[in-house]
Amino acid sequence: MSNWLVDKLIPSIMRSEVKKSSVPEGLWHKCPACEAVLYRPELEKTLDVCPKCNHHMRIGARQRIDIFLDAEGRAELGAELEPVDRLKFRDGKKYKDRLVGAQKQTGEKDALISMSGTLMGMPIVVSAFEFSFMGGSMGAVVGERFVRAANHALENRCPMICFSASGGARMQEALISLMQMAKTSAVLARLREEGIPFISVLTDPVYGGVSASLAMLGDVIVGEPKALIGFAGPRVIEQTVREKLPEGFQRSEFLLEHGAIDLIISRGELRPRLARLLAQMTGQETPEQAREAAAVA
């Protein structure tokens with residue numbers, strides 16, 4: 001019996017353990033909406049949109065920019081800027097410790113990435129919020145990176161697009177963070193005066209000081225399907241007004257129906273549809289027209 005254990009059973013158990021450990025971690029992902037178990041490589045092909053229920057999962061700022069801009073000719077704006085704990089703020093944890101933790105978790109210095117590049121050949125500037133960095137909250141660095149992106153658009157007379165995903169102003173920066181609402185709104189007013197298009201794309205979620213400033217100041221405001229958009233959360237509103245809110249309240253579909261946003265576009269359609277829209281707004285050829293002209297020539 002002892003020989004059987006040594007020769008047969010133990011090697012069998014060891015082989016089983018090796019097989020289990022050889023399966024890469026994160027190969028499968030459960031959809032938070034329909035709970036379907038999805039194969040990660042297949043999910044990446046659909047841009048993190050569930051093929052079963054069309055739920056648009058949250059994605060990082062760099063991933064969003066990677067799938068939106070053309071691959072060539074990109075340049076990051078304001079990458080050298082880093083947050084500073086000027087107020088020595090502390091709640092349950094020191095602000096500087098929260099920053100270090102968020103930077104380690106995301107690999108980013110702060111919650112906004114701005115980049116110049118092209119969209120189907122058209123020069124453009126893009127900003128995208130990183131929600132995983134302290135809830136995409138807006139502080140001094142976020143505001144300054146946004147302003148630098150807008151100034152680049154002004155100097156080069158090219159359109160700007162911002163993908164918002166934020167819980168609002170960063171409370172750890174107090175009045176400094178609130179000032180960013182005015183700062184970003186002011187530079188967008190300059191874009192409008194110069195006739196340079198600004199498109200705001202609202203992704204899940206957009207709340208607080210970001211929704212009350214730059215996110216709602218687009219010449220065209222686009223929402224991703226079923227994105228949560230508002231100032232205060234629905235639970236807070238219900239507790240305040242002591243009434244049951246309508247079904248789907250603060251979802252992008254509800255806002256479209258009531259005229260608060262202009263369009264809802266699925267993630268996979270953002271590139272071609274926004275390219276056509278910007279071509280029309282700037283008087284350029286659409287990508288389709290450019291291809292047709294090249295084919296005729």
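All positions are counted from 1 along the displayed chain.
For all residues, glycine too, the Cβ spot is worked out from N, Cα and C.
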Report summary line: Which range is zinc finger per Swiss-Prot? Of 31-53, 123-145, 146-168, it is 31-53
Query raised in the report: Which residue counts does DSSP yield for the zinc finger (31-53) in the helix, strand and coil classes, in that order?
Result: 6 helix, 4 strand, 13 coil
Query raised in the report: Counting other Cβ atoms within 10 Å of each Cβ, which of the binding-site residues Cys31, Cys34, Cys50 scores lowest?
Result: Cys34
